[in-house]
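One structure is given here, and the rest of the page talks about it.
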Amino acid sequence: MASALHISNLSLPTLKGSFLSNHPKTSPVAFNGVRDLRRLSVFKKSDSPIQARFLQTGFQETCSPRQISAKSMNAANGSTSTISQTVFGILHLVVSLGIIVAMDKYLKKAFVAAAIKFPSALFGMFCIFTILMVLDSTIPAAATTLNNFFQPALLFIQRWLPLFYVPSLVVLPLSIRDIPPASGLKICFIMVGGWLASLCVAGYTAIAVRKMVKVEMIDAEPMVKPSPFVPTEVWSWSGVFLISFVTALLYPTALGTTARTCLPFLLASTVLGYMVGSGLPSGLKKVFHPIICCALSADLAALAFGYLSQSGLDPVLGNYLTKVSSNPGAGDVLMGFLGSVILSFAFSMFKQRKLVKRHAAEIFTSVIVSTLFSLYSTALIGRLVGLEPTLTVSILPRCITVALALSIVSLFEGTNSSLTAAVVVVTGLIGANFVQATLDKLQFRDPIARGIATASSAHGLGTAALSAKEPEALPFCAIAYALTGIFGSLICSVPAVRQSLLAIVG
């Protein structure tokens, strides 16, 4: 005990001197006696265990509080930084998306007030694209900053894009109720045959122009992919669905009207269907596309609510898509983003401006030829098979994205916009399921031809399906997808073109 007590009361310098005298071959000790003491031979098994314990304890007592303090500070700083980044990201998304949505709403009101039939969102897209190009030629840094500022909004639109097409499929039972079965079969024939014909025309046109211009491909700007869905999102939307579903059953007019009260659970069921469908195996997606899963989920929710509330399916579907701005349903909220989708085309084209300029001949020639063919062939085949003129006009923009297809049919009188949207979405689903195999059968090897043919015949859904397996074709898909809708809207805005289409329809 006395020996142990004596050693424990020794100062560090005394120990150092003792160790140095006993071990003359060791190197000098550092000024604080900590780092070099650990290298000395005192840690050999032959040394006193008391000395070893003393040195270990002294080292831990000297440094552990500092290490713990540093780790705690780093953890606190990291947590604070993560929270601040998350909050800033949410605010950035809200502001950027809010500006795009507000711009779309303002332009729409202005065009209605001025009695202008030209699609307001398309005008806004041209304005944004012009501003970006002017800034790029004068102040490139400003153009880049502006483009980067809206990236969160663009990723949001890209991530949820299929949802904006779904409402027309959800209310399809109401849309086709007054269509005779014979007419329905004719429409299906035009959709399938028209998709294949448009695919061939666009693809062969692109290949022919490629052979004439002989321009080599260059690497496109990388396309940022949105993040996948996480379980937290699924559980959150499930909670929203359950709570709002029960609330709507117990208090049908809790939010003022039945449409508003049903809006939360119908919207949640649509979102959940899309999330579940997106997580299905790739093989199953070929048969059971996420959009189909999405529409079925909403219809099943509507059917369950109609049964439990004893109101029936039709009133619930009517509340899903009211087309009344003062009393919106879930479908109205989703389709309200279609104008924003068109505005986002400006940023997509600006990002790929070098690619568009280099391959302008192939892209613009194929898009113009395929769009004209799609419109006029649909009108002609509709007349040849004896389809009613109003139905034929309603399906004219079958190969144009929903956002602009609805604008096109609004230029005509007596059309069925719900049928238009449904035909466009079904055409996209046909392309999404069969486009890759069909392109292989037609021996289209060139990525430019494959991308343009896909987007010109099956718009956004076909684009998503092909680009998932052939990323090299994605830039051309995205460009042709936007330009097909833009050119279709521009040409149908010309009164002479509309008159010629109506003359063919009869």
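All residue numbers here begin at 1 and follow the chain in the order shown.
From the backbone N, Cα and C atoms, a Cβ is placed for every residue, glycine too.
Feature annotation from TrEMBL assigns transmembrane segment to 83-103 (among others). Outside the transmembrane segment (83-103), and at least 6 residues removed from its termini, the chain residues within Cβ reach (under 8 Å) are 124, 149-153, 156-157, 336-337, 340, 343-344.
Marked as transmembrane segment by TrEMBL: 110-135 (among others).
Residues or ranges marked as transmembrane segment by TrEMBL: 155-175 (among others).
Residues or ranges marked as transmembrane segment in TrEMBL: 187-207 (among others). Proximity of distant same-chain residues to the transmembrane segment (187-207), defined by a Cβ-Cβ separation under 8 Å and at least 6 residues beyond the stretch ends, is recorded for 179, 362, 365-367, 369-370, 373-374, 377-378, 381-382, 385, 387, 391, 395, 398-399, 419, 423, 426-427, 430-431, 435, 438-439, 442, 444, 446, 448-450, 452-454, 456-458, 480.
The transmembrane segment annotation in TrEMBL covers 234-251 (among others).
Summarising the annotation, TrEMBL assigns transmembrane segment to 287-309 (among others).
The transmembrane segment annotation in TrEMBL covers 329-350 (among others). Counting residues 6+ beyond its ends, the transmembrane segment (329-350) has Cβ neighbours under 8 Å at 97, 100-101, 103-105, 107-108, 119-122, 124-129, 132-133, 136, 143, 147, 150, 153-154, 157-158, 160-161, 163-164, 166-167, 170-171, 259, 262-264, 266-267, 270, 298, 319-323, 356, 401-404, 406, 478-479, 482-483, 485-486 in the same chain.
Annotated transmembrane segment per TrEMBL: 362-385 (among others), in sequence order. Sequence-distant contacts of the transmembrane segment (362-385) (same chain, six or more residues past either end, CB-CB distance under 8 Å): 186, 189-190, 193-194, 197-198, 201-202, 205-206, 209-210, 213, 215, 356, 391-393, 395-400, 448, 452-453, 456-457, 476, 479-480, 483-484, 487-488, 491-492, 501, 504-506.
Nonlocal intrachain contacts for the transmembrane segment (391-412), taken as residues 6+ away from its ends with a CB within less than 8 angstroms of a stretch CB, comprise 117, 119, 121-122, 164-165, 168, 179, 183, 187, 190-191, 194-195, 198, 338-339, 341-342, 370-371, 374-375, 378-379, 382-383, 419-421, 423-425, 427, 456-460, 481, 484-486, 488-489, 492-493, 498, 501-502, 505. Among the features that TrEMBL reports, transmembrane segment is placed at 391-412 (among others).
Only residues 6 or more beyond the boundaries of the transmembrane segment (419-439), in the same chain, are considered here, and those with a CB under 8 A from a CB of the stretch are 165-169, 172, 175-176, 179, 187, 191-192, 194-196, 199, 203, 286-287, 289, 291-292, 391, 394-395, 397-402, 405-406, 409, 450, 453-454, 457-462, 464-466, 469-470. According to TrEMBL, the feature transmembrane segment maps to 419-439 (among others).
The transmembrane segment annotation in TrEMBL covers 473-497 (among others).
Same-chain residues lying 6+ beyond the ends of the transmembrane segment (234-251) with a Cβ under 8 Å from its Cβ atoms: 258, 261-262, 264-265, 268-269, 271-272, 275-276, 301, 305, 308-309. Within the same chain, residues 93, 97, 224, 226-227, 270-271, 274, 290-292, 294-295, 298-299, 302, 313-314, 317-318, 320-321, 330-332, 334-335, 337-338, 340-341, 344, 402-403, 416, 418-422, 424-426, 428, 460-461, 464 sit at least 6 positions outside the transmembrane segment (155-175) and bring their C-beta atoms closer than 8 Å to a C-beta of that stretch.
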